[in-house]
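Participant: Below is one structure. I have some questions about it.
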Amino acid sequence: MSTAVAGVSGEERDDLSRAESRTVRKRSQRLLLELLRPRRRQIALTLVVVIIATGLQVAGPALIALGVDRGVPALADGDWLPLALAGAGFLLTSLAGAALIGWFRVLQARIAQAVLFDLRQRVFSQTQRLSMDFHESYTSGRIIARQTSDLDSIRELLDEGIGNLVSGAFYTLFTAIALILVDAPSGLVLACALIPLWFLVRWFQTRSQRLFRQTRVASARLIVQFVETMTGIRAVKAFRKEDRNREKFGGLVEDYRGANAKVFRLFGTFDPGLVLIGNLTVAGALLVGGLRVAAGQLAIGALLAVLLYIRRFFDPLEELAMFYNGYQSASAALEKISGVLEERPTVADPARPVDLRRARGAVRFEGVEFGYRSGGVILPRFDLELPAGQTVALVGSTGAGKSTLAKLLSRFYDPTAGAVRLDGIDLRELHPKDLRRAIVMVTQEAYLFSGTVADNIALGRPDATREDIVRAAKAVGAHAFIEDLPHGYDTDVNKRGGRVSAGQRQLLSFARAFLADPTVLILDEATASLDIPSERAVQEALQTLLADRTAVIIAHRLSTVAIADRVLVMDKGRIVEDGTPEELIGGTGRFASLHQAWRDSLV
Ligand SMILES: Nc1ncnc2c1ncn2[C@@H]1O[C@H](COP(=O)(O)OP(=O)(O)OP(=O)(O)O)[C@@H](O)[C@H]1O
């Protein structure tokens, strides 16, 4: 298999080689088959229904011919039965055909819904399952496009396109057969019409392929630009980027409009072209048929049926052409989705996890080396031992690798070499549940999910009772401000009045961590300067939070460093100093000067 297009790597490229395109196509076909296979019985039933329904619909003109050619002369002789039979037959086949087409639509929609449901779920759980490195390179705009516009174009195809294609294809096929059965020479007239028709459709396909691609690309750009502007709205506002963004977005909207206008112009030629060929064919059939009726070679009713069949032959063609559009965008969407589904989490769950009953919290980095996927060693090989229960402050200049070390410990990433061990067990051998229970990382963002304050605190332990939640909040000193919120613990954090300040947000995330009660706590301390009372509250909360567990704090505040048992100073991915705060302050190393600078800044 060509690895250059494995997963999402070929997604942004438009220069795929033939072999690569084939690989991508095969992959999406496999996915489609996988989705359809469990529903093959339903699909078979649906096909039977549409075949019978189409057969019944196509019988109409033949019954009219019968009525005209047999029924009318018989009626002239006083026998009304043949005409009545033909009339009743026409009525019945029309009714039954319509009813079956209705049923077909229901069956088809059911399959479409089931397939979409399945696909939606798969995309969601897959994107959630993929590791941090995937999410750090695959933007949220792209993820959203997969889950919205891509699934939408597949939905359109499944909801309407496929049904129209199947019924339309049977319809034209059966109509052509019926025409030949009624009068073979008229079939030749239709055959002649197929030549210009072929050229028209070819022309449409080549042009539309390019134009539809342009509209898809333009609409995808719109979504990505929109999502990126909205997710970065704070930066947009802070840097007054609104005007530039509006111009950029306006340009993209203009591209999209332009691409759509071209598509409409294309249809503006294609549609009348189809009608013209259809009408010319009817005229030709009328001329040829009329001559043959005059020569006594063709019955008048049969001529009527021929004209009806030829007219009807052209009816579904526009829909078939439309299907081509839907098919193009749905298959492009499916190719991208299948790429996302093909990605494997780089941080994989163990096949046979090692049982971790009650962790003590001894951490060891053993010959660990790490670099991100984008290349370059960020943390050169190192060993580090953190005894159970120790509070370690991690300090160092920006970009020194503090967060990277924390991410390795919480297993957002796996080391490129060596192992990170908890109580001697390689993190890669732990069941994700055990790992998440034992090691919790509190990030700077202190993200709050929509829901109540209580829900947000209970995140790490969903089975916690209200008492547990309140106890945790009290322990970290968050209880008082929560009580002051409009609905206390039941305040919705996204509603008016439920908005909390940065410091309060941090206290909530401390309460969350306290309740989760991990053996190892990693804390990326917020850099935002808090006011003095909040700082003191956070400091007290920290003391409670850190008691009786191993803790690694990426420390930005001097006060935090002071409560640590040990300080690690990092520089360019290396641990350059290691000791108690007192030792390091007393020394002459980097920490001592850092400490002095801090002190000076406080005065
Ligand atoms: N997802 C990533 N992909 C590639 N490189 C990364 C990624 N995240 C961080 N880096 C690089 O790794 C190095 C260490 O970054 P890290 O975030 O660990 O530093 P830090 O010490 O936590 O800095 P800060 O105090 O600014 O948060 C930096 O050079 C950074 O550019």
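Positions of Cβ are set from backbone N, Cα and C atoms, glycine also.
TrEMBL annotations: computationally assigned, not manually curated.
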Participant: Which stretch does TrEMBL mark as transmembrane segment, out of 266-287, 552-573?
Facilitator: 266-287
Participant: Among the recorded stretches 43-68, 80-104, 162-182, 188-204, 293-310, which has the greatest number of Cβ pairs closer than 8 Å to the transmembrane segment (266-287)?
Facilitator: 188-204
Participant: So what's the mean pLDDT when you look at the domain 'ABC transporter' (363-597)?
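Facilitator: Mean pLDDT, the domain 'ABC transporter' (363-597): 85.
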Participant: Could you name the stretch, out of 80-104, 162-182, 188-204, 293-310, with the greatest number of CB pairs under 8 A to the transmembrane segment (43-68)?
Facilitator: 80-104
Participant: Same chain only, please: residues at least 6 beyond the ends of the transmembrane segment (293-310) with a C-beta under 8 Å from a C-beta of the stretch. Say none if there are none.
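Facilitator: For the transmembrane segment (293-310), the list is 60-62, 64-70, 72, 175-176, 178-179, 182-183, 186, 189-190, 278, 281-282, 285-286.
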